[in-house]
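Heads up: the structure comes next, in structure tokens.
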């Protein structure tokens, strides 16, 4: 064929092939999920501010994670603007390069966005469930292994081709067998599923052992166990990884992975935020939210009987949120396996559970009320159930 001879016209394998475009759907869904994640993170931060007066490490982790989601959607949008979501052989060579470039780069914030928020969940569970030393070690070992696996995925993402630019056809080079990358991504996905289910099952088991009314028990276990949803989504994302083997039509097949990576990340972030939203729920719906009573004492006078149920049996006051300070706190094993308030130097509000003889209510106490509750508890001997060693 001479240089002046025209190239053969493109022939569609089937009618409508050239018009197929998953880009708008993917951009719409990822944008909506990220916006929903932003709403939950904002609600979490506001709840912490109105209840604790400041935000803490796990709050910063969720803020950083949702920022990664925003960056990820931005890079995915850039790839879509150059043909991501369309069949590769319908794009110009320049668009192919740019679509592949932004897709490959987007995996950095993408993988990080579903990895990092899991550490916020671990920090939260560590605070409110107070596991034994052995269990804490298991939690952090599992978390560190997961983090290292995720870092390995990011390294492989760029090391699989030499030079790395060969991945987006910007330079000649040599690449590994793509099966290696897919197998590693599958291993990371399986570990992520197990990690999600662990973070969901652990609080569910603990909470269902408490003496709470069924509505509050279900609400708390569901909020702390949102990892079930993330785990199921990760399972499906692993199924879509086979699309990465389709090197011939990479711009069309990889977008399923792009979509489910973002959905997984936002589900983990939302799951990390839900347990912290009670102060906001109480502010909007009052003390009766989640089955609580209309007042901190459940109808009993704060000065005349304090936190004693109708039978005269003393109730245990336990936290279900972060502490304002560490100074002066002594931790007692309570009937609910959560932490008893005993912080005489704290100067902010507490989110607490009151375990009563007939029912349980949820309330928010200021520092003087918390101190008064603990003084009354110290003069009584509530029934306690021994916590198994290590758990």
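Positions of Cβ are set from backbone N, Cα and C atoms, glycine also.
TrEMBL annotations:
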- 43-283: domain 'Rhodopsin' (DOMAIN)
- 26-47: transmembrane segment (TRANSMEM)
- 59-80: transmembrane segment (TRANSMEM)
- 100-125: transmembrane segment (TRANSMEM)
- 137-159: transmembrane segment (TRANSMEM)
- 184-206: transmembrane segment (TRANSMEM)
- 218-239: transmembrane segment (TRANSMEM)
- 259-281: transmembrane segment (TRANSMEM)
Listed stretch, out of 59-80, 100-125, 184-206, 259-281, that has the most CB pairs under 8 angstroms to the transmembrane segment (26-47): 259-281
Annotated stretches the transmembrane segment (59-80) and the transmembrane segment (184-206) touching (3 or more Cβ pairs under 8 Å): no
Average pLDDT across the domain 'Rhodopsin' (43-283), rounded to a whole number: 87
